[in-house]
Amino acid sequence: MGSSSSTALARLGLPGQPRSTWLGVAALGLAAVALGTVAWRRARPRRRRQLQQVGTVSKVWIYPIKSCKGVSVCETECTDMGLRCGKVRDRFWMVVKEDGHMITARQEPRLVLVTITLENNYLMLEAPGMEPIVLPIKLPSSNKIHDCRLFGLDIKGRDCGDEVARWFTSYLKTQAYRLVQFDTKMKGRTTKKLYPSESYLQNYEVAYPDCSPIHLISEASLVDLNTRLQKKVKMEYFRPNIVVSGCEAFEEDTWDELLIGDVEMKRVLSCPRCVLTTVDPDTGIIDRKEPLETLKSYRLCDPSVKSLYQSSPLFGMYFSVEKIGSLRVGDPVYRMVD
């Protein structure tokens, strides 16, 4: 290498050494710069999203047994599979026929009269004309695992024993029933199976809820519905997990992502309503008409999504849990926007 080359190298701050040596040094330097840039980019805080308060949590319900009466709670954990209060999770128990097919208040309306009390390691069940029964939350691992069927999809459930099976059978008086419990080690029902044609939906799993981990309705939406009904209905007809006050009627239809407490939620879809909404939660009598017929008169979906909702009216919203945490009654509800 000539003197002119050595001078040029000196200007660049590279020693006059063999070409292979300084090229290696240069490469290492460039690599260090690149890694530093990547590290800086990763270390930069993400652009903070704006929070717009849209309401306040006025009520929280957990429904331990599918279709049975909900338990009102002041505070709850929010897991990726739904609400949890202590050791009790939302819709982790389900009544089934002996062949494993689910039974809900659609088939047995009097299920809505089964009251559940949370008692440390037990659930206490009460129903009209029945002696209370205590159900342990933790079941023996030796209990039989049933292959169950829920809205056409397979899911497992651990048998809760003969005593509670006889209790439900005696109460409903139509056929033999079993009670099963979901275990987090079991495989839940996934988005891909719940909505095989809706590939855009985020991925999540549920145990025995109909569609999603969280069901939310605003108080104002119920008020709006009741202005159209001869016989007023209460929120328990619709079995939400979270009720929101302080917003306009059906404003929840527009909420894509929410922050409540330290829980982040993402909209899945609107809640299509069925005949279950016509079961009176105080009497266990099914009407099969109202409030469903009135909802159909003004809450049908846009024609562009008719393949998803068919002729079901929409009332309430389903959400998935994007960040687990806890929430409580009185928490502000924030809409997260970019």
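Cβ atoms are placed via backbone N, Cα and C, with glycine included.
Pulled from Swiss-Prot, these are the features on record:
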- LYS59: ubiquitin cross-link (CROSSLNK)
- LYS138: ubiquitin cross-link (CROSSLNK)
- LYS144: ubiquitin cross-link (CROSSLNK)
- LYS156: ubiquitin cross-link (CROSSLNK)
- LYS173: ubiquitin cross-link (CROSSLNK)
- LYS187: ubiquitin cross-link (CROSSLNK)
- LYS289: ubiquitin cross-link (CROSSLNK)
- LYS296: ubiquitin cross-link (CROSSLNK)
- 188-336: domain 'MOSC' (DOMAIN)
- LYS156: N6-acetyllysine (MOD_RES)
- 1-35: transit peptide (TRANSIT)
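This view paints the features noted in Swiss-Prot onto the structure.
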residue: LYS59; record: ubiquitin cross-link; Cβ within 10 Å: 18
residue: LYS138; record: ubiquitin cross-link; Cβ within 10 Å: 9
residue: LYS144; record: ubiquitin cross-link; Cβ within 10 Å: 10
residue: LYS156; record: ubiquitin cross-link; Cβ within 10 Å: 18
residue: LYS173; record: ubiquitin cross-link; Cβ within 10 Å: 9
residue: LYS187; record: ubiquitin cross-link; Cβ within 10 Å: 10
residue: LYS289; record: ubiquitin cross-link; Cβ within 10 Å: 10
residue: LYS296; record: ubiquitin cross-link; Cβ within 10 Å: 13
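Checking the recorded sites (LYS59, LYS138, LYS187, LYS296) against LYS156 (ubiquitin cross-link) with a 10 Å Cα-Cα cut-off leaves LYS187. Taking the C-alpha positions, the distance from LYS173 (ubiquitin cross-link) to LYS289 (ubiquitin cross-link) comes to 25 Å.
With DSSP states grouped into helix (H, G, I), strand (E, B) and coil, the domain 'MOSC' (188-336) comes out at 37 helix, 48 strand, 64 coil. Here the candidates are the recorded sites LYS59, LYS138, LYS144, LYS187, LYS289, and by Cα distance the one nearest LYS296 (ubiquitin cross-link) turns out to be LYS289. LYS187 (ubiquitin cross-link) sits 18 Å from LYS138 (ubiquitin cross-link), counting Cα to Cα. LYS59 (ubiquitin cross-link) is 36 Å away from LYS144 (ubiquitin cross-link) when you measure Cα to Cα.
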